[in-house]
Amino acid sequence: MTGRDRKRRSTRASKMGTPPTISKVQTILQKEMVREFLAEFMSTFVMMVFGLGSVAHMVLGGKMGSYLGVNLGFGFGVTMGVHVAGNISGAHMNAALTFTNCALGRMSWKKFPVYVLGQFLGSFLAAATVYCLFYGAIMEFSEGNLTVTGPTATANIFATYLPQHMTLWRGFLDEVIVTGMLQLCLSAITDKENNPALQGTQAVVIGILVVIIGGSMGMNSGYAINPSRDLPPRLFTFIAGWGTQVFSARDWWWVPVVAPPLGAYLGAIIYLVFIGSSTQQKPQILENPLTYEDHRISVSHPPVTSTHNPVSVYPDTRTLRVPPLRDSVRLECL
């Protein structure tokens, strides 16, 4: 085939255009809710693969894993998840945070099932992925007997279980407090009116926050702090052969579903009441003043004298003429 023939063929292909089916798929994928669903799905999948993989190392790998490794796995798994979807859906990766955003009016309730479904599916698929990756080690460690409790238990790779030194309601309170601390600190990290993390560092700072929470408050209940982190992998273990005990063990399964949304909401309210209500509003800034040479600003106060470049105030029209300026003018609240 000559070069001229190839050129003709490529020209014909370009004239044919995109097939209708592919065009329809592209149109669907460009819809806002679909993009947010996929973003939550992918970010949660990434977070959970790193997190559950680190737990598998601790349970199955002996010296190859540690509790610190679990904290780092989940913490920097969150960091990677924020990079995957932070600019599309906000990378909640947590049904408790999604619930809080809806309850505070920051997000429409119609998006709540979309976000949560994406998170649950991503978490479920991550559990299946980790199971496949570590299948041989799981079977060797458990001697082929998949159990929830005991010295060869492996269900705790995928979901949290209450230790013997904790009661059910102490565990519930623990999840409320720990999730409240998570949401309170997240509010501070992202509050542009306070002292937020520097632009571009939010993902790392949030990951460090998760590491700190795990290292300081994770012993009692395993710091589930996220229904999307706990319930889908628990459901996977039920399907994969661990049986009904994954739900019946100390009746714990519902606590990581109910307590984190309550804790996150309380943490957000506490921040808004004690910190958010006391932050001062910054003065407005008139940007690019050269474009406002003939701009007039209506005022409702008597004539005043400006400390900036000379201006003339006309009390009969109550209009302030702003002459051409080279620097930004700060409009202080009078």
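Placed from the backbone N, Cα and C atoms, the Cβ positions cover glycine too.
What TrEMBL records for 37-60, 66-85, 114-138, 168-189, 201-225, 252-274 is transmembrane segment.
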For the transmembrane segment (168-189), sequence-distant contacts whose Cβ falls under 8 Å of one of its Cβ atoms, 6 or more beyond its ends: 96-97, 100, 162, 195-197, 202, 205-206, 209-210, 213, 217-218, 220-221, 223-226, 250-252, 255-256, 258-268, 270-272, 275-276
Same-chain residue ranges lying at least 6 outside the transmembrane segment (66-85) that approach it to Cβ under 8 Å: 39-40, 42-44, 46-51, 53-55, 57-58, 91, 93, 202-204, 206-211, 214-215, 218
Long-range Cβ neighbours of the transmembrane segment (252-274) (under 8 Å; 6 or more residues past either end): 94-97, 99-100, 103-104, 159-162, 168, 171-173, 175-184, 187-188, 191, 221, 224-227, 229-231, 234, 246
Sequence-remote partners of the transmembrane segment (37-60) [C-beta within less than 8 Å, at least six residues beyond its ends]: 29, 66-67, 69-70, 72-74, 76-78, 80-82, 84-86, 88-89, 91-93, 114-115, 117-119, 121-123, 125-127, 129-130, 133-134, 137-138, 141, 154, 156-158, 228-229, 233
